[in-house]
């Protein structure tokens, strides 16, 4: 009656046939029942099962009854053989007992044979086999047998109706209870507590709480089970206040609650966040000695977990019986979902030592913990155990296994599981899409998304968030815009998670104005929304705009977190806001109670160093309460290169190479610093050392998307098919910029060559080649977006400002650190980068 902590069986595929059978039954029923059947409904159903006076039948009936009580189907089968040898001397009463033995032993084929061979049958015969079909999840057969029962004119008593109502609930066709209710009413059973409780349960599953209440009010003699059913109906359908009121009324009329009642009441208390009431009910549980009950124990675990009372949760878990898988699965899932993965794994191991067999939900939660920990070996062991218990075909388990392999860097194994899976759902697709995004293969993620749409799988907010992240990784604005349009055709256009992904995508694709437009249109914003917008402005060098968003965030009552301050300090660093950055860094611990982490220190070192306060930056590094990372020393090294502080730069490089001896970026920065200082011997020594170690300088690359195709350019590249046109446009730009007063900054070329050669090399930098290509391949007046893998040089930056004014085009360049938005001779970075 009360289905707590159980799973409902899958809906049968031939549901239309079931509908037809029920409707056929109802139509015939409403046309009129025989007077005999109507009178029989008031009789005791066992009265028609009186045993025969025949001695053998009576004796075998008693023996079969004992087999039934002792749950001994083997002995019953032996007796059945003897009975058949003696000419099948069983009467109807004894045959029904034997039928019940087979049903309870799940020997359904034997039960069907016995039922078909019965010379006569009654209502008990039919109900027994209906229950057998339901027990084996053969719901369509159960409904068919029910219609046959009525067609043959057998009695429709309370046991018939309750059995078929339970079948309809189990097969997720509880809405057909409407039809049966009409027949129940016609036969005068509406006041029967047994049938009424089954109807309440059916209406509860459908969400028809008002109809359930009408049935409840029509029951004349309500018992404790009826009251419990009503409390559970209210609690399951989120009528939490009504559930508590029903519980109170139940107590007032003198009924004592049972374990199921308490479970429903605790659910209502959780829904209302009524901890004080829940504690009072807990006291009642202790008085009635239900604290050791499985259902009550799990409800208490849920209650105190939601309240954050971990001490009580662990105490209750230790006290309740743990022979069932449910409490183990509950605790493992809660640990896995609350970022306590090690505790989840340890509890899973303890569960195995207790010889409790995990189910699909246990494995899903334990594998989630493995994925969070990135523990591939443990994940493989669990995979072996999954195969052993034959749960590998379960969609929840297979999805969790895909996630483990994806997060442990074994995306190929995830794909193999995905391709073998026969029953994929949206989570399966999302796991693979997000897995490829996290592995850096955005193109494969987008390819899977297209395949998902072709397979008519339902995309969710996780799907859209993943593919928008993939678009951001590829800086594919056109594709990101198309996905944005696709969200308007679904129910996710107003979803906060999707909006956050859109803000991130537009920010990383250079569309900071579009990102702000999405942000302003949001009805609800969470911490991620504010942090993403702050980081977007920081990435574009719009530090003051980022700080305005930060202030707005606080004014709207949102508390900043660790990531918020990473964005704020990064914005100050990218815009040279030294005083503001120092003030916010100091306020983190003093005003917000947030302990600075390595990312915050890195931002501050970059801010101080870039502002010329190199020794203050070094002092801050020395004050870090934990070991400084490569990231911190690299920030100081970059500042030393800009300010040409060779000695401090060399010391910073030495610290980096102590931690990462094969770091090629450090060798390059050190070489550049020596080249800027014209210490060519040191440059040669470093380059020889790199050659000896097999390290190569990362070549400068720029790329641009045009009509769905990405075009790549490297410094001095001559391989592009449009190279003649590109060279012609570069010559034209060279002439126009010189006429406008542009003087090349040859210091940007860190090679020991003459000035003329340096000037030539500057004009074949990869971003200038990409710009020339864009000028003749894109429509006049449209925005030009270029992506570069390295930091843009001083000369290219100055040239781009002037070219944007000459050609009257907005030019957006994203280098390895940030965006530069060139408009009418001005860059968004304010020449600070």
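Any Cβ shown, glycine's included, is placed from N, Cα and C.
Now, the feature entries from TrEMBL:
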type	residues	note
REPEAT	91-125	repeat 'PPR'
REPEAT	223-257	repeat 'PPR'
REPEAT	324-358	repeat 'PPR'
REPEAT	394-424	repeat 'PPR'
REPEAT	425-459	repeat 'PPR'
REPEAT	495-525	repeat 'PPR'
REPEAT	526-560	repeat 'PPR'
REPEAT	561-596	repeat 'PPR'
DOMAIN	741-833	domain 'DYW'
Give residue numbers and ranges for long-range contacts of the repeat 'PPR' (526-560): same chain, 6 or more residues beyond its ends, CB-CB under 8 A.
496, 499-500, 503-504, 506-508, 512, 515-516, 519, 566-568, 570-572, 574-577, 580, 592, 594, 818-821, 828-830, 832-833
How about long-range neighbours of the repeat 'PPR' (425-459): same chain, 6 or more residues beyond its ends, C-beta under 8 Å?
395, 398-399, 402-403, 406-407, 409, 411, 414-415, 418, 466-467, 469-471, 473-474, 479, 490, 492
Quick one: DSSP breakdown of the repeat 'PPR' (526-560) into helix, strand and coil?
26 helix, 0 strand, 9 coil
Can you break down the repeat 'PPR' (91-125) into helix, strand and coil residue counts using DSSP?
26 helix, 0 strand, 9 coil
